[in-house]
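S.K.: Heads up, here are the entries from TrEMBL:
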- 1-133: region 'Disordered' (REGION)
- 17-34: compositional bias 'Pro residues' (COMPBIAS)
- 35-46: compositional bias 'Low complexity' (COMPBIAS)
- 89-101: compositional bias 'Low complexity' (COMPBIAS)
- 102-125: compositional bias 'Pro residues' (COMPBIAS)
- 135-420: domain 'Protein kinase' (DOMAIN)
- K164: ATP binding site (BINDING)
- 421-468: region 'Disordered' (REGION)
- 451-462: compositional bias 'Basic and acidic residues' (COMPBIAS)
Amino acid sequence: MAPATRSRFASIAAPASSPPPALPAPTPPAPLPDPHQQQQQQQQPAHNGNPKISFKPFAISVGAGNRKKRPGDGMPEERPQKGPRIYSTPAAPAIIDTSTPTPTPTPTPTPTPTPRVPSPAPHPSPAEKKPPMAYDRIGLVGEGTYGKVYKAQNTRSKEIVALKRIRMEAERDGFPITALREIKLLQSLRHPNVVSLLEIMVEKSNVYMVFDYMDHDLAGVLTHPEFKFTAPNLKHLSRQMLEGLDYLHSRGVLHRDIKGSNILLNNQGVLKLADFGLARFYNTKRSKLDYTNRVITLWYRPPELLLGATMYGPSIDVWSTGCIMIELFTRKPAFPGQDEVHQLELVYELLGTPNPRNWPFVDQLPWYELVKPKIEHPSRFTDTFASQMTPAALDLCQQLLTLDPEQRPSAAQALNHPYFTSEEPAPAAPTNLGLGDWHEYESKQHKRKEREKEKRARKESQIKPVSS
Ligand SMILES: Nc1ncnc2c1ncn2[C@@H]1O[C@H](COP(=O)(O)OP(=O)(O)O)[C@@H](O)[C@H]1O
Ligand SMILES: [Mg+2]
């Protein structure tokens, strides 16, 4: 958990309260400067960047599918509304706007010709002007390229939530289209293994998505210095991951950024897929999209995208899930490439080199000839992982990591694999996750402190005692 400065949300904009930026990533290097932006350009030319969008039509449906009524949240009837940006209905009280002070009604002066007592002040004092805070900020838990995520508490219901701030600074033309897409997508989803969007909060010029709070993410727990998962835990997590993915795919959603920091976990061992910033609806009838291949963080990107495919479907997420499963078992990323070419090399070295016999039409992918390896590698998959996985887990991972996307099983098929249906042990939720909040953010902070400690120790050991 980030320093627990318990400040009220009104002070969020003060830069001094922000913790220092996260360290240079031990996470996969992003091959492109800004995939969101790039997609935007490729896929939304008609919008010419970010369209101006008013909140009103949007607010009507936010959370409609997802909304669980919580005591004290939303509070539309108590919160005087002003302007078109504040909108809520009893059915979907999804947007809270704290951006403007509550206008206290000016008291009507009593028509007394000679008042003996002073009239009430015509304007409220600044203290009175302040609207009640919807959330108390507890600390920072995520600081991604696209915004900050805070742990916070609903001041009324006392519910702990995550507030994901939507980055507006770079937006000159209105509300960011990427955030809009993410919200729209999240609205349509409701599943125990997919993060729930509770509401949208507008505060000053900031907009926040409000989510159920999750104590950890997989990138965090997998780098925790002490924590270990048992075999039943690993099965429980793998199953939830595939259940979430199967649900997304059955709803026609491609996630397109499955990786440890986007997979959340709470202390009860419930896993939820999160971060729909790169997700898209796809046409289940046409089965494949013609889209950009610059999606999915490099280490989790499947070979067909690395070879330039732009027609793809749910199998891209299945590959990333296979990478995560390996990482769950080994606590190491399966393919930590430094750039696209190196990424492909690592994939080929482990799984063997593809050719038109084991992957029909691979030679027709745009960059196949360009990055064709000179050496043919055989698969080393079984030799590499057999000692760390049960036979069924090994077989399932190998299937999820099939080079040819057409031969990769779907998430639903994977859930019917003997690893889940017959092989012992039975899945069980981890019970010892109460290790303090541990996301990628805290993990990076911890590593940074460790490095600084080491540096200091090295320096001290170099200072030689002055001989007398
Ligand atoms: N609901 C949540 N509960 C707790 N932590 C969260 C939640 N959502 C996101 N986070 C943390 O914030 C980080 C960044 O959020 P994410 O949605 O992935 O945004 P980004 O687009 O910046 O990657 C995540 O990696 C996770 O550690
Ligand atoms: Mg993320």
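The backbone N, Cα and C atoms fix where each Cβ goes, and this holds for glycine too.
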S.K.: Please list, for the region 'Disordered' (421-468), how many residues fall into helix, strand and coil according to DSSP.
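M.R.: Across the region 'Disordered' (421-468), DSSP assigns the residues as follows: 24 helix, 1 strand, 23 coil.
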S.K.: What is the Cβ neighbour count of K164 (ATP binding site) at a 10 Å cut-off, with all protein chains included?
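M.R.: A 10 Å sphere around the Cβ of K164 (ATP binding site) contains 26 other Cβ atoms.
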S.K.: Can you check how the pLDDT averages out over the domain 'Protein kinase' (135-420)?
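M.R.: It averages 92.
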